[in-house]
Amino acid sequence: MAAKTSVDELEMFSEDSDTLNSSTGANGPTNGDATEHSGERSDDNVDEHVSEPTAAKKKKNKKRKPKKKKAVPTVQTEPPSILISHLFPNNTYPRGEEVEYKDDNRYRTTNEEKRHLDNINSDFLSDYRQAAETHRQVRQWAQKHIKPGQTLTEIANGIEDSVRRLVGHNGLSEGDALIAGMGFPTGLNLDNIAAHYSPNAGCKTVLQQNNVMKVDIGVHVNGRIVDSAFTMSFDPMYDNLLAAVKDATNTGVREAGIDVRLGELGGYIQEAMESYECEINGTTYPIKAIRSLAGHTILPYSIHGTKSVPAVKTNDTTKMEEGDVFAIETFGSTGNGRCVDQGEVSHYALRRDAPKVDLRLLSAKTLLSTITKNFGTLPFCRRYLDRIGQEKYLLGLNSLVKSGIVEDYPPLVDKKGSYTAQFEHTILLRPTVKEVISRGEDY
């Protein structure tokens with residue numbers, strides 16, 4: 001999920017070089033029944049009396065066949081429905097791509113102290129790897145099944161329902177979504193819409209053959225959020241646009257590491273992105289990095305942390321540090337390379353630093369309690385409120401936004417007629433190695 005960056009701030013970084021700146025019952029007839037009828041029998045029936053215990057003994061000695069144990073599933077279904085914890089028992093989830101640190105941090109790979117610090121983070125890593133494997137299996141299913149002619153609502157619900165099935169929490173009971181599930185609403189951003197669009201109730205938008213769609217998915221387990229995105233197109237005309245952004249994101253992932261300065265990392269990303277151009281309908285467009293959107297750290301239950309990874313070179317000397325979790329995401333555009341807020345809002349989140357306000361609207365008070373108990377500081381959308389039974393909540397929601405308690409995230413849009421693309425990975429700067437937790441065979 002994209003973090004918006006102030007363009008003025010970026011320009012300040014760029015222009016002022018002096019500025020510094022994540023039983024049946026097995027019992028047969030009872031003994032009482034047997035003795036009740038035995039006195040009625042004559043001596044002529046002695047043979048019968050002898051044969052009955054023998055028959056009973058044979059019956060008693062008959063061995064039962066052991067019940068067959070249900071086979072443990074080893075392959076995911078389509079659509080995905082088997083719990084990830086069943087596919088990978090005992091918390092043995094797949095690791096992400098592990099990359100050794102370079103230069104002055106090369107010692108970390110074998111250092112005993114760092115290895116000890118890594119080992120005591122087992123719960124942290126288990127949660128992140130479970131979320132990441134859920135992300136991979138759901139997105140790879142989505143990539144195979146998303147086709148033009150489907151509505152955005154159908155696509156979003158398919159992705160989100162799959163995530164909830166795989167983590168085993170449907171989010172319908174109070175607090176369930178806080179255990180595991182969606183890290184934020186699924187972004188389905190078409191063409192010049194770069195980020196923060198998810199269909200609201202009543203949306204009838206249909207995916208077209210000529211659309212370029214960014215698919216931004218967040219999955220969390222115990223508040224550890226994996227944020228990863230990809231772009232889909234159905235016309236090879238846009239291939240260079242997608243290639244540019246994928247290259248830029250991979251460059252950012254490759255160059256990221258402990259002690260790397262964020263402003264310098266932005267320069268590597270920009271250089272990779274802007275070395276591409278794309279011909280669309282006979283016109284050649286240079287690919288521009290969208291400078292108003294940035295990567296970001298991820299904190300527990302909070303998608304946007306305190307550090308930003310710019311998409312262009314700046315003089316920001318802030319360093320990446322051991323233990324940081326970063327979403328390395330880049331956006332490229334055939335337009336201006338700058339986005340503005342535009343369109344109907346779908347994304348919201350309770351602010352971590354929300355002020356204490358005396359709310360006068362009862363609907364706002366009630367909604368705030370619902371948001372806190374069901375989502376906490378995780379981003380949510382109107383569809384999520386709809387599915388837990390909330391009705392007529394818009395007035396209360398707008399009041400919470402105006403009071404600064406809830407933050408809204410309008411769609412971020414470049415100029416009309418332009419096309420944008422996005423790729424994103426989550427990386428863990430572990431004490432011993434950098435782990436690209438969301439890496440998969442697809443991207």
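Note that Cβ sites are derived from N, Cα and C of the backbone, with glycine treated the same way.
If you look up TrEMBL, you'll see 1-82 marked as region 'Disordered'. The compositional bias 'Acidic residues' annotation in TrEMBL covers 8-18. Here TrEMBL flags 19-33 as compositional bias 'Polar residues'. Marked as compositional bias 'Basic and acidic residues' by TrEMBL: 34-51. Annotated compositional bias 'Basic residues' per TrEMBL: 56-71, in sequence order. Residues or ranges marked as domain 'Peptidase M24' in TrEMBL: 128-330. According to TrEMBL, the feature substrate binding site maps to His196, His304. Look at TrEMBL and you will find Asp216, Asp227, Glu424 tagged as divalent metal cation 1 binding site. For Asp227, His296, Glu329, Glu424, the entry in TrEMBL reads divalent metal cation 2 binding site.
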### Query
Out of His196, Asp216, Asp227, Glu424, the binding-site residues in the record, which is closest to Glu329 (divalent metal cation 2 binding site) when you go by Cα distance?
Glu424
### Query
Near Asp216 (divalent metal cation 1 binding site), meaning Cα within 10 Å, which of His196, His296, His304 (binding-site residues)?
His196
### Task
Count the other Cβ atoms sitting within 10 Å of the Cβ of Glu329 (divalent metal cation 2 binding site), across every protein chain shown.
29
### Message
Rounded to a whole angstrom, what is the C-alpha distance between Asp227 (divalent metal cation 1 binding site) and His296 (divalent metal cation 2 binding site)?
### Response
10
### Query
What average pLDDT does the predicted model assign to the domain 'Peptidase M24' (128-330)?
98
### Query
Using a Cβ-Cβ cut-off under 8 angstroms and a sequence gap of six or more, which residues of the chain neighbour His304 (substrate binding site)?
Met1, Ala3, His296, Thr297, Ile298
### Query
How long is the line from the C-alpha of His196 (substrate binding site) to the C-alpha of Glu424 (divalent metal cation 1 binding site), rounded to the nearest angstrom?
14
### Query
Residues near the divalent metal cation 2 site, Asp227, His296, Glu329, Glu424 excluded, by Cβ within 8 Å of the Cβ center?
Met1, Ala2, Ala3, Ser228, Ala229, Gly295, Ile298, Phe326, Ala327, Ile328, His425, Thr426
### Message
I want the residues beyond Asp216, Asp227, Glu424 whose C-beta is within 8 angstroms of the mean position of the divalent metal cation 1 site's C-beta atoms, in chain order.
### Response
Met1, Ala2, Gly187, Ile217, Gly218, Ser228, Ala229, Ala327, Glu329, Gln422, Thr426
### Task
Would you mind checking how many other C-beta atoms are within 10 angstroms of the C-beta on His196 (substrate binding site)?
28
#### Entry: Set of same-chain residues at least 6 away whose C-beta sits under 8 angstroms from Glu424 (divalent metal cation 1 binding site)
Asp216, Asp227, Ser228, Ala229, Phe230, Thr249, Gly295, Ala327, Ile328, Glu329, Thr330, Ser438
### Task
Out of Asp216, Asp227, give me whichever of these binding-site residues has the highest number of other Cβ atoms within 10 Å.
Asp227
